[in-house]
Amino acid sequence: MNDKNLIRNIKILLIFFSLCFFSMIVYLTYFDIFVADKIANDTSNQRVRLEESKILRGSILDRDGDIIVYSEVKNGKDQRRVYKYGEEFAHLTGYNSYKYGKSGIELAYNDVLIGRASASYDMVGNFFKGLREFINKDTKRGDDVYLTIDKNLQNKAFNVLGNDRGAVVVLNPKTGEILAMVSKPSFNPQDYFDDNTNKIKVYNSEQSGAPQVNRAVSGNYTPGSTFKIITTASALENIGNINKKYFNCTGKLKIGNYVLSDAGGEAHGRLDLQSAFRVSCNSTFGQIGMELGYDKLKNTAENFMFNGDISFNDEYSIFNVREGSIDIKDEKDRAYLAQSAIGQGEVTASPLQMALVASSIANDGVMMKPYVVKEIKDRYDVSLYQAKPEKLTSPVSKDVADKIKGYMEEVVKEGTGKNARISGIKIAGKTGTAEVGENQEPHSWFVGFAPVENPQIAFAVIVENGGAGGKRAAEIAREVMRAYFKK
Amino acid sequence: MSAGLILRYVIIAIIYIILFRIVRIMYLDLKGIRSDDERKDITYALEVIDVPGSIGIARGSLYPVHKLTSIGRKADNSITLNDPYVSSYHAQIYIENDGLFIKDLNSTNGTIKNGIRIKGVERLQSGDVIEIGRTSFKVVE
Amino acid sequence: MEKYEKSILKAIYTVTMLMFLVLAFIKGGFNYIPLVLGLSSCALIACAHFIIKRFFPKGDKYLLIISAFLAQLGLVMIYRLDSVNTNVAIVKLKSVRQVWWFTIGMAIYILLVVFLPEIKRLEKVKYAYIVAAIALLASTLFLGSEIKGSRNWLNFGYFSIQPSEIAKLFLILYLASAIQDIKNAYDTIKVAIPVFICIMLLVVEKDLGAALIFFGVFMAMLYIGTSNKKYILIGIACFALGGVLSYFLFNHVRIRVDIWLNPWADKSGKGYQILQSLFGIAAGGLFGKGLGEGNPYLIPEAHTDFIFSAISEELGLMGAMAIILLYLLLVYRGLRAAIYAKDNYSRLVAVGISSMIAFQVFVIIGGVTKMIPLTGITLPFVSYGGSSMVLNFTSIGVLQRISESGRKYYE
């Protein structure tokens with residue numbers, strides 16, 4: 001062991017230890033920058049609860065300021081979250097639990113509800129708010145979230161859907177504000193806050209039909225004849241003299257080996273586009289689809305945000321939106337094309353998607369970005385954020401929209417949608433009966449808007465296995481409209 | 001609240017001041033080591049040219065002189081001479097400002113350089129012969 | 001130099017008192033206990049420094065300064081954790097006990113520096129060390145009690161000790177001598193066998209952290225002693241093989257690795273400790289929540305194995321980094337003593353002790369941050385615990401003694 005060697009070796013050892021120690025510092029830095037924020041809100045981190053319990057959680061209110069969810073202090077210490085309307089607003093508000101985590105608004109707007117986001121909206125105001133809290137000796141409280149939802153409309157939609165599975169979406173076609181959004185089956189967020197394990201077990205069970213899924217935005221349904229709105233739009237845009245054309249319906253349309261038949265095999269005889277739309281003639285729309293071809297049909301559908309990206313006009317994204325899709329397995333196969341044209345086969349859509357389709361027709365061909373949060377206010381009623389309507393896209397021209405408007409009005413007046421009629425209000429609509437399998441009742445659809453001359457609401461209703469669209473879904477739409485127009 | 005916030009930074013700041021001070025001293029110290037290394041480039045050694053068998057070192061062996069080489073009878077010397085004519089701590093040979101020096105530690109029988117008994121410290125050159133007790137060393141470079 | 005030393009010490013006293021002052025006001029009111037703790041620990045350091053400076057001016061003061069500062073930081077955090085339980089008698093507070101252990105550690109340190117003979121003389125009874133080390137490790141297998149899932153404690157009624165802590169030092173004293181005799185590969189195997197027995201005993205006792213440290217120390221000393229890289233490569237190969245084997249042989253090894261790979265799989269069970277530790281570190285951020293502002297008491301074993309996470313929560317990444325750097329400086333100081341030591345035995349002992357501290361720090365800090373699989377050992381000087389405090393100051397005492405006699409060469 002000579003000295004030079006030894007000193008060299010010890011230096012190498014020191015370098016080795018330095019590397020070890022610096023790797024720890026690098027790792028810790030990496031952890032703090034990239035990992036810390038991701039894990040900090042995990043349900044098993046009790047700090048979340050401790051931090052949040054210092055601040056009274058803000059409320060969630062409807063568009064008129066009626067409280068839907070609020071927090072109260074129980075026996076001077078613990079907070080209790082109260083979901084006043086339980087199942088009715090479940091898919092909007094979501095739940096807030098230290099055990100199961102958060103969902104919906106409770107998750108997306110958590111920073112707002114615990115007051116952490118106030119400074120990012122209004123730095124100076126936040127300072128004065130703190131000062132005011134200090135002077136008044138108020139306990140700290142988060143900010144409030146005002147929804148675009150109309151509590152009474154939501155309540156009506158929830159009740160008329162009854163025990164059926166399905167969804168109702170109602171929105172303002174001019175702004176994109178969602179006025180009601182119901183999905184059934186539902187769950188009670190209170191059960192999650194209170195940790196009602198029996199109920200949660202039921203929610204998670206096979207038979208309960210996935211109540212956590214918000215069918216209104218994430219539902220993946222066959223749109224059926226409601227899709228004919230899009231086929232019609234495509235025809236009006238792409239086939240020059242379509243208005244003067246007449247089609248012949250024998251009740252059956254033979255395409256090679258495949259037979260496309262009309263509801264009940266009924267033969268509609270000779271009819272033009274408007275009458276075909278009114279009676280929802282499958283043979284005619286099958287023929288139109290084949291005439292349009294795959295590319296044009298798909299193009300129009302994509303203008304209506306099928307295969308697209310429907311972004312919400314909200315500060316934080318709340319929903320897991322499932323966009324409609326159109327995808328034909330074999331582009332050359334005319335049978336597939338005819339099926340797609342009547343909304344069967346490889347076409348799917350969520351109720352939100354179809355409500356947006358109806359709203360674009362109502363709004364002169366302009367689709368607005370949907371949103372559910374109208375305003376954020378702090379505890380002293382100072383507004384921190386107000387949503388501004390934003391255009392999403394223009395799927396069709398005003399001319400085409402106006403024509404379809406007329407067709408849709410006819411559907412309710414004299415066609416398949418008679419059940420949606422309300423005296424004194426002009427209503428536009430389109431029924432849909434989506435075949436879902438041999439031994440199952442079809443899904444019942446109804447989309448539309450009212451009043452025709454100045455549309456205030458657009459909507460989509462689906463009732464799973466609800467039978468013909470002209471019946472169950474149209475009736476539900478009628479009741480919702482009655483509630484809105486107070487008739 | 002805000003006082004606590006300031007204190008938080010003050011505490012961490014002082015901890016780092018302490019760290020930097022320690023690091024600084026160690027840096028100075030490290031520079032010291034390096035210059036020692038440089039000086040080591042000129043190395044001297046003592047070659048044993050005459051030694052009785054009983055002393056425990058072999059004729060012809062080389063003892064490198066680094067910083068300081070002590071010679072004496074006790075075991076904790078750098079060069080131990082098992083010789084009754086040698087004192088426990090007899091002499092020291094060391095390098096200072098690139099020169100080689102020998103210092104007699106008031107030994108009983110003295111240290112002889114080139115045949116003359118030295119007093120205190122004397123400078124050594126390559127080729128000098130040193131006698132300690134019955135052992136003779138030659139300074140080599 | 002001396003002026004610097006004084007200013008560093010003054011800064012240490014200042015920051016310690018400042019931290020305890022913050023803790024004195026933690027619950028709104030005023031509590032005198034933290035001030036007493038602060039004053040007494042500062043007095044202790046001043047006293048030790050005075051003695052060392054007065055009687056042994058040539059030795060390395062930074063060994064003492066750094067280790068004492070680390071112990072101070074640990075004490076602050078232990079009191080911080082104590083402050084959560086308000087209804088514990090003062091004498092039963094962990095921080096008060098820790099001050100006692102600190103005092104005992106310092107006393108042993110001073111006694112060692114004053115009375116320890118030349119380290120080289122310790123070499124004479126080299127076989128006694130390895131026999132003692134194996135006996136100590138084996139003793140827990142038969143007499144030990146299981147605490148926190150590891151069978152590595154000896155219980156003596158009033159207090160319990162961790163024999164593996166003492167065995168570490170004995171192993172170093174043995175290896176420092178045995179490694180010098182290595183001339184060929186056969187000798188190496190002869191030296192390695194007792195080390196292997198120790199490591200196996202530790203693995204069986206589920207004290208994996210200590211096993212890792214034993215291995216690391218052995219490798220470091222072997223490298224310095226023989227300058228032969230081949231031994232190290234073979235050693236690492238053996239280690240990898242042994243690691244894989246024990247993964248399949250021992251359930252507890254497998255569990256540790258699985259938790260490391262995915263702690264989320266069993267959040268409230270096996271993965272609980274490490275996740276709570278990570279939450280703590282995550283809550284700290286860059287500058288920490290501030291003393292008394294975080295929730296470090298949510299971390300299990302926050303005062304012992306997980307004290308680093310608790311410090312990270314309240315002092316942040318900056319505080320954590322400072323601690324890591326302090327350890328690095330301490331290790332540097334130890335290795336420096338090895339360079340200047342005057343005989344090979346002292347050298348190897350110094351290398352052994354320095355690498356023991358280095359590996360221990362790496363294994364536990366890496367463990368609690370999920371950089372490497374977690375194995376429960378203490379953070380030297382900082383963690384609560386008598387055995388580790390006494391052993392660590394004994395080690396520093398030995399290092400000090402080595403630096404003491406080594407420096408003479410330069411005067």
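If you go along the chain as it appears here, the first residue is 1 and each next one adds 1.
Cβ atoms are placed via backbone N, Cα and C, with glycine included.
Owing to the predicted nature of the structure, the values given are computational and were not obtained by experimental measurement.
Among the features that TrEMBL reports, transmembrane segment is placed at C:7-26, C:32-50, C:62-79, C:99-115, C:127-144, C:156-176, C:188-204, C:210-226, C:231-250, C:315-335, C:347-369, C:381-399.
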Handout entry: Distal contacts, the transmembrane segment (C:347-369) - CB-CB under 8 A, six or more residues away
Key = 119, 122, 168-169, 171-173, 175-177, 179-180, 209, 212-213, 216-217, 220-221, 224-225, 274, 277-278, 281, 305-306, 308-309, 324, 327, 330-331, 334-335, 337-339, 341, 375-380, 392, 395, 398-399, 402-403
Practice task
Establish whether the number of Cβ pairs under 8 Å between the transmembrane segment (C:127-144) and the transmembrane segment (C:188-204) reaches at least three, counting only pairs separated by 6 or more residues.
Solution key: yes
Practice task
Report yes or no: does the transmembrane segment (C:62-79) come within contact of the transmembrane segment (C:210-226), defined as 3 or more CB pairs under 8 Å with a sequence separation of 6 or more?
Solution key: no
Fill in the blank from the handout: Listed stretches C:188-204, C:210-226, C:381-399 vs the transmembrane segment (C:315-335), most Cβ pairs under 8 Å: range C:381-399
Practice task
May I ask for the residues of the chain that lie six or more residues beyond the transmembrane segment (C:381-399) and have a Cβ under 8 Å from a Cβ within it?
Solution key: 60, 63-64, 67, 70-71, 73-74, 77-78, 94, 97-98, 101-102, 104-106, 108-113, 116, 119, 159, 161-162, 165-166, 168-169, 303-305, 307-308, 311, 323, 333-334, 337, 349-350, 353-354, 356-357
